[in-house]
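Read the structure below first, then the notes.
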């Protein structure tokens, strides 16, 4: 008897689907899902403090005059001490700020650029380092100085996606909070963030330097800025690692990070995700321009360096009609648009505080497979290209964001009409 192949195909597909569903249910039944938690009530959430180290963070969208004054006093004391230790040179001192953006695998650009500046002997001794998302993973090593360049190279030339996360798509059916488990990333952070690094960060914090990392409090949908130097000085190692992980936890892809807090004498749990949800890059807390030290007994040269870990130039590349590709391209476009606004704000703030603005971003020709795919070959190529560009000396920093330059030219042309 002849067999109807057209009927057999759908039957086979149905059996395969049934088998897959059975496996999904079995795996999901064994999955570890988010435990129940008690978030801070609305009346207390703004005053909640980390259980491990109270007083080490502020809201990133709310001016805190007291904290701004503390930052200014700390920076001022450190700058004066350094100036005197250098023999009170008449040309004064420098305040150098480094802001590291998000960008997933494109973080290899910042890592390569920083190590290249070290090779060229042109890397500033940054007084303030800030990081968002993958920038938060880089920031502690950039802040600690060139002695930790090996760790930066390791992060972007020896790791790949499997070293960062494990897919757990079936677990999502049972309530997992991300399609990937970030236990591998936790392990890498635990290995890289050791006592030597934390001691160095604590020492620089004591000398008046600032290491700031941004996360997003998903309950409040607000940015949070963490003083990582203060956390290191308090010996809160686990909190330090949690904040790094949280700032790089892309919502949906990676689960949020639970952080125990205390408010009103009771303990609660907050959820924090990628700082890039609320901003792509930042240079300091609200009112930072006013917090910068003034009335010093010597001239102060201020420079804000921004390393944008993504391209700011449009890249035409017809997208295949696949969900993952469309979603990835959309996310990249969103990040670029957000970046342009953040950079314009930072450049204008630099001008207001009398600071020089310096910008570097991923050059054309580098497009990651996806914003969440940490492809080792791609990252190694980008790392090497950035290191080579800076390693020869005289790196070509831009003095204004491309979008701001274009708008200024347009205004100039319109003024001639």
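Each residue's number is its place along the chain shown, starting with 1.
Positions of Cβ are set from backbone N, Cα and C atoms, glycine also.
What TrEMBL records for 1-31 is signal peptide.
Taken from TrEMBL, the feature domain 'PNPLA' covers 98-290.
The motif 'GXGXXG' annotation in TrEMBL covers 102-107. Residues of the same chain lying 6 or more positions beyond the ends of the motif 'GXGXXG' (102-107) and with a Cβ under 8 Å from any Cβ of it are 132-135, 137-138, 155-156, 250, 274-276, 280-281, 308-311, 335, 362, 366, 368-369, 371-375, 378-379, 382.
Sequence-distant contacts of the motif 'GXSXG' (131-135) (same chain, at least 6 residues past either end, Cβ-Cβ under 8 Å): 99-107, 110, 142, 212-214, 247-248, 250, 274-276, 279-282, 307, 309. According to TrEMBL, the feature motif 'GXSXG' maps to 131-135.
For residue 133 (active site, nucleophile), the same-chain residues lying six or more positions away in sequence with a CB closer than 8 A to its CB are 101, 102, 103, 104, 247, 248, 250, 274, 275, 276, 280. In the three-state DSSP reading, residue 133 (active site, nucleophile) counts as coil. According to TrEMBL, the active site, nucleophile annotation covers 133.
Here TrEMBL flags 274 as active site, proton acceptor. The number of other Cβ atoms within 10 Å of the Cβ belonging to residue 274 (active site, proton acceptor), over all protein chains shown, comes to 27.
Classification of residue 274 (active site, proton acceptor) by DSSP places it within a strand.
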